[in-house]
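What Swiss-Prot annotates here:
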- Asp415, His417: Zn(2+) binding site (BINDING)
- Cys36-Cys46: disulfide bond (DISULFID)
- Cys75-Cys86: disulfide bond (DISULFID)
- 30-128: domain 'Fibronectin type-III 1' (DOMAIN)
- 231-331: domain 'Fibronectin type-III 3' (DOMAIN)
- 420-424: motif 'WSXWS motif' (MOTIF)
- 24-439: topological domain 'Extracellular' (TOPO_DOM)
- 461-830: topological domain 'Cytoplasmic' (TOPO_DOM)
- 440-460: transmembrane segment (TRANSMEM)
Amino acid sequence: MKQKLRSSVQIILLFALTAVGLTGQSYPGKPKIIRCRSLEKETFSCWWKPGSDGGLPTNYTLFYSKDSEEKIYECPDYGMSGPNSCYFDKNHTNPWTTYNITVMAMNEIGSNSSDPQYVDVTSIVQPDAPVNLSLETKTSASTTYLLAKWSPPPLADVTSNSHVYRYELRLKPEEKEEWETVSVGVQTQYKVNRLQAGVKYVVQVRCVLDIGEWSEWSSERHIHIPNGESPPEKPTIIKCRSPEKETFTCWWKPGSDGGHPTNYTLLYSKEGEERVYECPDYKTAGPNSCYFDKKHTSFWTIYNITVKATNEIGSNVSDPLYVDVTYIVQTDPPVNVTLELKKTVNRKPYLVLTWSPPPLADVRSGWLTLDYELRLKPEEAEEWETIFVGQQTHYKMFSLNPGKKYIVQIHCKPDHHGSWSEWSLEKYLQIPTDFRIKDMVVWIIVGVLSSLICLVMSWTMVLKGYRMIAFILPPVPGPKIKGIDTHLLETGKSEELLSALGCHGFPPTSDCEELLIEYLEVEDSEDQQLMPSHDNGHPSKNAKMIAKETDSDSGRGSCDSPSLLSEKCRESRAILSTLQTQDIRDVQENNGRRHWETQCIASEQKILLFNNESTKSPIWPAAQLPDNQPPMFAYHSTVDVHKITLCTIDVNIAPVLVENEEQHQPQYPITETVHDNMEKHREVENLYSKTDQTTVQVKQNRPNDKSPFSKPKLMDYVEVHKVRQDEVAAVLLKHKENSGKIEKYTVPGTSKEYTKVSTVVDHNILVLMPDSRIQHIPVSQEPAMEMSQNLQQGQTEKNMSYCLTVPSECKRETSASEYMDPSSFIPAFK
């Protein structure tokens, strides 16, 4: 209910304001209280300035309250002090009470109130200006003066004798700006003397009570002083001076003569005497002066001296001057000032100044003791350099600038009482420049040498700036740890840095594209020949895939992770799926016609099988033939291979059985990889498209072939031990598992790394040699090792010659690294 009432009131007010805005009428503006003033500390008045009336007749009401009362009163009299004012008479005025006064303006629409003003009567007292100011000139005793008269300010309710006013008078010539103010006192008239004849003057008067402020100045009154005869103006004594503390002289300045010849008389009297004396000598010291010789000069006596000007009309007397001869001593300036420029043995010039004391000062007898002070400056300078010399009459000055002209002056004063004399006449001295020629030459030489040194240093910095900077600020050496990339330390992430340092807290990363091994050529024995094979058999679909796990946990077994190689395999499967419709018979005919070529081609992406669950090196499966044939050589790459082929040629391979201490290292067979063109590659891929994962194998000789070697074993190349751009690749053998049994091999050492290059064949085949280490060979295999050593020389040449006869189509078109293991040429016997 209240909200509805409030909203209705707001709507009504809105309509009212809208109506007022349309008619141009509004409530009155805010009034402002200008001032409150008491004329005589018994009554006071307040004035205000009204605001806008809002287009309607407006009434103004003054309300006040006293500090000791809560009652609010209205103004007692609105007409006594004029419009927009309120007059408080004696009955409504209390000098010791503070009033709180506000003014309210009201019309038909609304009202508005002024800001409150607090009034204390004693602080607002300011009388009116005096009235009835009159000016007239009069002559008395042949002297013309100005007489000014006025009346105190009028008071309404008080008699003229109830208050005492003090007055001030000011006057000036009409054409001037500055006023001359005279304090009059309580009297209401004043005589003004020393007015100039023929000048028009302006006069004003004001007053003040014992409390409060001065009143305003009265209205101006003007008067013209006539040009008639008048007495002389009052003269002014300028000074008195004793040059040697034995005699003294006084000088005065005369005023206007009043239009008549004027005589000036100096009168003096001594302390303790009533007799008045006249000046003994008006001529010795010049006009308007009086000279007191030794007879008329007394020490420790005070003289009262005045000057009187007299003409036919009247006379005037100066203000008195009290003189003690001891304190008016001011000697004449020194004389005989001489300047002499001298030079010492080292030819540095200096200035010698000499002078004489004033001739009237009795310095020899000790009656006067004088101190001296000199000043000098270059002729073109403005400021002087002042030097106190003391009682000596000569002075030496050093460090003068050559080629300049100096001005020198000297003055003096008594050591106890008195004042400084005037400065002596100016003396000039020109300092020659020939005294500094040697120094100038030295500075010129120094400047030239400095310039040459700067030029040489600048030229050196331009030519060899980098060397100098490197010499002055040698570079901070970086860490020289093998395998640490300095660029990786600066910009690499923490994971990359930890991986490079070999920490296993983060999975290791590397640039796999740069570290891939594209080809491996492996030959098992010296006696085996790489001959074409007529067996076009393919691995059975029922072939058992056995997962092999390497024991090398070096972290560098393969630069490729299984995820990267699996992506490669997926890409090849997409290509092979489009080629499954091709007739396999045509491929077999092509393989019969070019049997050795087709067996040299293997699928690029289906060589590798991975165990994605392993966190170690990838697991490489080996295929087992269905007709219980012994397993062939299986090639398992650890790098991202773009085009890899294995030549499955009927050769009689005798694997070298090795065994290490942990019985997990496989032997190192060698196979030959030859690159073929894309057509042959696609044909062979069709043959293997039905199998998701295959292992390229190298078949052994037929059973009826005679071979002095034992049956070959499955040889797995599973890890690259060291792969770097600036080093050779080292291949480690993989663990071999067959039918749940771990075959034990004999390893010629704890590990074998192919790090030495034996020879280069056909500019693209490297023959790698392993490191020579201590070989642990069982006694049962010593005859086999001896036979392999006997057959090594002859068989190596045959194998090398066969590798050279491989058609160019089987070779990789692009440059690749092909590895041959000469250690595999050594036969082994069971």
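Using the three backbone atoms N, Cα and C, a Cβ is placed for every residue, glycine included.
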Based on Cα distances to Cys46 (disulfide bond), point out the closest of the recorded positions Cys75, Cys86, Asp415, His417. Cys86
Separation of alpha carbons, Cys36 (disulfide bond) and His417 (Zn(2+) binding site) (Å): 59
How many Å separate the Cα atoms of Cys75 (disulfide bond) and Asp415 (Zn(2+) binding site)? 76
Can you tell which of Cys75, Cys86 has the most other C-beta atoms within 10 Å, given these are the disulfide-bonded residues? Cys86
Quick check on the domain 'Fibronectin type-III 3' (231-331): DSSP residue counts for helix, strand, coil, in that order please. 4 helix, 44 strand, 53 coil
Could you say whether, by DSSP, Cys86 (disulfide bond) belongs to a helix, a strand or a coil region? strand
Between Asp415 (Zn(2+) binding site) and Cys36 (disulfide bond), how far is it from one CA atom to the other, in Å? 64
Write out the long-range same-chain contacts of Cys36 (disulfide bond), meaning residues 6 or more apart in sequence whose Cβ is under 8 Å from its Cβ. Phe44, Ser45, Cys46, Trp47, Ile101, Gln117, Val119, Ile124
Count the Cβ atoms, other than its own, that fall within 10 Å of the Cβ of Asp415 (Zn(2+) binding site), considering every protein chain shown. 12
When secondary structure is assigned with DSSP, how many helix, strand and coil residues does the domain 'Fibronectin type-III 1' (30-128) contain? 6 helix, 44 strand, 49 coil
If you draw a 10 Å sphere around the Cβ of His417 (Zn(2+) binding site), how many other Cβ atoms fall inside it, taking every protein chain shown into account? 13
